[in-house]
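If you look up Swiss-Prot, you'll see HIS393, ASP397 marked as active site. Taken from Swiss-Prot, the feature compositional bias 'Polar residues' covers 80-94, 116-130. The compositional bias 'Low complexity' annotation in Swiss-Prot covers 164-176. The domain 'Lipoyl-binding' annotation in Swiss-Prot covers 1-76. Marked as domain 'Peripheral subunit-binding (PSBD)' by Swiss-Prot on the basis of sequence analysis: 127-163. Per Swiss-Prot, the feature region 'Disordered' maps to 77-184.
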Amino acid sequence: MPEVKVPELAESITEGTIAEWLKNVGDSVEKGEAILELETDKVNVEVVSEEAGVLSEQLASEGDTVEVGQAIAIIGEGSGNASKENSNDNTPQQNEETNNKKEETTNNSVDKAEVNQANDDNQQRINATPSARRYARENGVNLAEVSPKTNDVVRKEDIDKKQQAPASTQTTQQAPAKEEKKYNQYPTKPVIREKMSRRKKTAAKKLLEVSNNTAMLTTFNEVDMTNVMELRKRKKEQFMKDHDGTKLGFMSFFTKASVAALKKYPEVNAEIDGDDMITKQYYDIGVAVSTDDGLLVPFVRDCDKKNFAEIEAEIANLAVKAREKKLGLDDMVNGSFTITNGGIFGSMMSTPIINGNQAAILGMHSIITRPIAIDQDTIENRPMMYIALSYDHRIIDGKEAVGFLKTIKELIENPEDLLLES
């Protein structure tokens, strides 16, 4: 019988976690229909069946880690049940038998309540993130009783809020879980223990790999933002009119400045592959986006060929896709350089960590008005920004790193030169 295997996703992705089965055993499956959702360190993807038939067997469970090419389901012949939801509604006897079997193994009323809640979850599709579904199962929470805070999507923080509500039933349900947890080193201190999401675990692993496998250094400079702020103030209204409402932000200036600096210092646009150094001849710039699930870095492709409006529009589009969990793998791989802006959170200075398979990352920070010596006799208040370049010293020498950052500074302080470059 045909097998469904974990598909090739991207060169850097070798495994994933089954977030949710969209089909039950016995359900009918159409060719090209999604049967499960797979969580990777970058995005969630739906795995589809290449054959029509019936889902005969699930070879892995929700929460299991599976590798690319691994068989995860078997598709048999027949018509099967209409859908996951209908299969539960149309077979009440099977549900009752399942409940009876589970009740035979325990007389605990809490376990019985959790079984009933699990059946309720199957009968009604709740709009929730995969991590929230898994978190709810682990903590015996009925998603139907959780009120989402934003966008009608249940998230982990909504479940936490539900659990913290003063209800005696919740206290009863949570008691056994607390007895099983082994964190009694400080029994008088309140703590919370929870499993890390796959994306969080992968990010932690990769950050540690970067720290261990690169000779990372950071160099700093400061930028006088006066001219670029004045130019933006003069042009922003006309810019929006000319480009269908696209706003002129600072990211397009720093992106175009980065492209110019990368052309001047090509080793910053490189990476090490074994004993070889690969210098990239393209300029796909990653823009870090903060989401509820952590930091994501989608890439704006071919920034050397795009104007300010195209870059701003694409950054805005990628940010929306990231927050709505609609990024594809094509948005997340094969970049050449990354820009991160800690200033939106109020950061004055930081040492950003290099993104995988890259040689450097540019860090932007808060714009702070402070006194600056213009010359020996003049001090003025100027809007200043600290910028940082973290780089792999195996590829980039200190002289080139300082020169790269100085080029960024000069172009931002003289934005007309950037317009001429474009």
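Indices start at 1 and increase along the chain as displayed.
The backbone N, Cα and C atoms fix where each Cβ goes, glycine too.
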Count up the helix, strand and coil residues in the domain 'Lipoyl-binding' (1-76) according to DSSP, in that order.
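Counting residues per DSSP class in the domain 'Lipoyl-binding' (1-76), I get 0 helix, 41 strand, 35 coil.
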For a three-state summary based on DSSP, what are the helix, strand and coil counts in the domain 'Peripheral subunit-binding (PSBD)' (127-163)?
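Counts, helix then strand then coil: 21 helix, 4 strand, 12 coil.
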Name the residues of the same chain, 6+ apart in sequence, whose Cβ is under 8 Å from the Cβ of ASP397 (active site)?
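ASP397 (active site) has no long-range Cβ partners.
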If you average the pLDDT over the domain 'Peripheral subunit-binding (PSBD)' (127-163), what number do you get?
75
